[in-house]
Amino acid sequence: MEGFSWGNYINSNSFIAAPVTCFKHAPMGTCWGDISENVRVEVPNTDCSLPTKVFWIAGIVKLAGYNALLRYEGFENDSGLDFWCNICSSDIHPVGWCAASGKPLVPPRTIQHKYTNWKAFLVKRLTGAKTLPPDFSQKVSESMQYPFKPCMRVEVVDKRHLCRTRVAVVESVIGGRLRLVYEESEDRTDDFWCHMHSPLIHHIGWSRSIGHRFKRSDITKKQDGHFDTPPHLFAKVKEVDQSGEWFKEGMKLEAIDPLNLSTICVATIRKVLADGFLMIGIDGSEAADGSDWFCYHATSPSIFPVGFCEINMIELTPPRGYTKLPFKWFDYLRETGSIAAPVKLFNKDVPNHGFRVGMKLEAVDLMEPRLICVATVTRIIHRLLRIHFDGWEEEYDQWVDCESPDLYPVGWCQLTGYQLQPPASQSSRESQSGSSKQKKKAKSQQYKGHKKKRKMPVEKKPVSLSSLPMTGEVRRSFSGDEELTPPPYRTLPAQTAPEAFPPPRTSQEFSPSLKTGNQSRQHLRYCRGSKSGLGWWETKHGLA
């Protein structure tokens, strides 16, 4: 791990990295400007025997995220002393900084003999050349100021029961990423990592306001120094009009499985909340009490209309136990007496994100969200990216939105002081595979983030979470940790085709010494359903 170098990795494989402008939430993401190859900068001269720190001018040969391959002026086509550095580091300055700061410009020792008049050489080389803006370092500093502070209280998804939220306190902030500790954790080890713009965190009172389940804290009053995060600091969702045609309970759709981000599954709207939020269940895999329902906003890029996978040649995961294969939406809707959610209600916006297949980046392993790993974009479907973790099998890939705050430019970890997990070696993969086989019997419903292949309990049902009276109205408040099971919704044996019936009425703390993720990423397999072929209910059936 300590030996990994982005520069060597990119050079030796001729990789291309996603540009910083693809990541609007990252430092300098919105003000990167036209930094490109041939831009000149002033950098420390390491090819020098002087006892003091001196500088020389270098040009950008190649860009990879925040990292740049630099070549000292005067080396022409000689790449012998080329070196990689982070453009946003404190040692990189625009041309003219040394003169303004009284710092000496000294040519590298290797080429000192090439010219007798270095001043004339520089004047000739730099005339008309581009350099960094004079306020570049100030912009970098400003873009790395984050409004979230330690001791702020938020509502965040309960990693043990996806259907509800809990109160957590910001423990630390690194590069806009928050380490949240659940308020009831006495030893402060029950934590959750996410970005400050994550859709999984909300202001205090959010759950009550929209009718979302909430686990009331046993702590009767705020601890000293803790205070509620101002609501305006959270990511805003698009306003929607629910008064006209809208999503209804029982409607079918396709959704990224929050417990296995490598799959898109057959899903059902189980409850309609206020402000455009929906509770989604994965068909064939839901807990009897709905404790694994997951909250998506109606504009979420993680939900899709029926037929999305077939149109885009993505394998759709059918309900677990469904034997009538290949899966056909027309047959399934008839068998379950369901209707498809109207296509026009889904988010169709596709930004000009700039990602291309093959680009390298740093991505959060959403199974272990404290880990950020070397990754590659392997597929692009409109705004949907398929993220592959280098060195790992494809089964651990993730479908992620192009604007996800869990994606970062190459060099982000170095810039913020976060630890980057390198590509897994073959030996570590084999070790992980062996340990995974032994640990498959370990049952856990804990939600550390979006899980790839997490084994779920079979013999042990999760605790009941709701005493919600399921009516057509949106419940606006919850008294805490509900103990009663909500009325069951009807499900049909997958292999039968009974008469149609109406839709159902129910609705480690980060440190630089953190051990490598190859030791901690126990990718236990969790399969929502068997893989199958796909069917498509064509335009004549009203799904286009």
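Backbone N, Cα and C atoms are what each Cβ position is placed from, and that goes for glycine too.
Here TrEMBL flags 4-108 (among others) as repeat 'MBT'. Across the repeat 'MBT' (4-108), the prediction's mean pLDDT works out to 95.
Taken from TrEMBL, the feature repeat 'MBT' applies to 116-212 (among others). When DSSP labels each residue, the repeat 'MBT' (116-212) comes out as 22 helix, 35 strand, 40 coil, counted as helix, strand and coil in that order.
Here TrEMBL flags 214-319 (among others) as repeat 'MBT'. Residue counts of the repeat 'MBT' (214-319) by helix, strand and coil are 10 helix, 36 strand, 60 coil (DSSP-based).
What TrEMBL lists as repeat 'MBT' is 327-423 (among others). Across the repeat 'MBT' (327-423), DSSP assigns 19 helix, 31 strand, 47 coil.
Sequence annotations record features per position, and here TrEMBL assigns region 'Disordered' to 421-526.
The compositional bias 'Low complexity' annotation in TrEMBL covers 425-436.
Annotation comment: TrEMBL describes 437-455 as compositional bias 'Basic residues'.
According to TrEMBL, the compositional bias 'Polar residues' annotation covers 506-521.
For the repeat 'MBT' (4-108), the number of residues in each DSSP class (helix H, G, I; strand E, B; coil) is 16 helix, 30 strand, 59 coil.
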